[in-house]
């Protein structure tokens with residue numbers, strides 16, 4: 001004998017139309033919404049209009065979230081493949097000619113170019129160990145009438161690779177330079193280093209290495225949360241964590257970030273001192289400039305990673321060079337420069 005089934009309209013089924021077994025509309029989940037409507041139809045009931053609206057609204061919202069997530073992934077993937085290079089580091093000095101003399105005579109740099117902007121009341125000088133289109137260089141800024149700056153406690157030092165640290169230190173001493181750490185092995189390691197100061201008080205670490213295509217090899221900045229900074233520079237800037245070293249005896253940890261190996265390219269050295277979360281940045285150190293193929297996408301990636309854009313992407317007034325400027329989680333400034341425009345500017 002064939003069995004026939006009739007839907008039983010028990011109170012538990014009828015209660016579906018009164019939402020007695022489901023969350024309020026403000027808390028309905030996608031799984032609730034997508035299963036309730038078919039269940040009602042199965043029993044020959046029409047889904048309430050409110051439930052239909054909630055279902056449609058939730059599905060649309062979910063689609064938008066998925067699209068946004070896909071866009072974020074595309075942007076961050078683009079960052080990894082962008083053509084990036086550290087171009088120059090910018091900071092302020094009180095006597096431009098004095099600093100140029102020290103860098104060329106004591107540190108072996110070359111004056112690459114100099115430009116005066118009288119209407120803005122400042123002068124720039126670019127120094128380094130090779131042409132700007134292929135080397136990381138220093139951009140010194142002299143503001144008319146300002147002879148002293150506060151370096152603060154956040155900036156650490158610049159790194160220069162030399163073949164003989166002791167010989168370089170002797171030369172610096174002979175020229176009247178200040179040596180703050182005599183040549184010797186680094187604490188906890190074997191690399192021979194020394195520390196000196198330029199006339200404005202900026203520290204330089206001399207690292208003993210063999211011949212290298214990038215002698216100006218480091219910029220060290222202190223940060224308050226190392227893991228947060230590593231994530232930011234990896235995702236927003238597309239840098240690679242080259243190495244990380246903890247020194248519990250001296251209560252600090254360093255992370256080397258960059259776009260290539262330390263012995264062949266300039267890198268960013270992030271330093272975390274145990275339990276120190278904030279630093280005084282002073283007004284002397286300015287920023288690092290990094291080349292990019294697209295300043296607009298770069299700004300988008302920085303925003304997605306929680307960075308702050310301080311200058312929206314676009315051309316600089318009076319010239320066609322496109323840039324965007326941003327701050328990292330600790331407030332350190334970076335300027336991204338369009339690669340093609342940068343080369344045109346050098347011409």
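Yeah, the Cβs are placed from backbone N, Cα and C, and that goes for glycine too.
Just so you know, TrEMBL annotations never went through curation; they're auto-generated.
Annotated features in TrEMBL:
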- 205: active site, proton donor/acceptor (ACT_SITE)
- 139, 157, 205: Zn(2+) binding site (BINDING)
- 85-209: domain 'VOC' (DOMAIN)
- 215-339: domain 'VOC' (DOMAIN)
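Mapped onto this structure are the features recorded in TrEMBL.
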residue: 139; record: Zn(2+) binding site; Cβ within 10 Å: 20
residue: 157; record: Zn(2+) binding site; Cβ within 10 Å: 19
residue: 205; record: active site, proton donor/acceptor; Cβ within 10 Å: 21
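Cα of residue 205 (active site, proton donor/acceptor) to Cα of residue 157 (Zn(2+) binding site): a span of 7 Å. Per DSSP, the domain 'VOC' (215-339) is made up of 21 helix, 57 strand, 47 coil.
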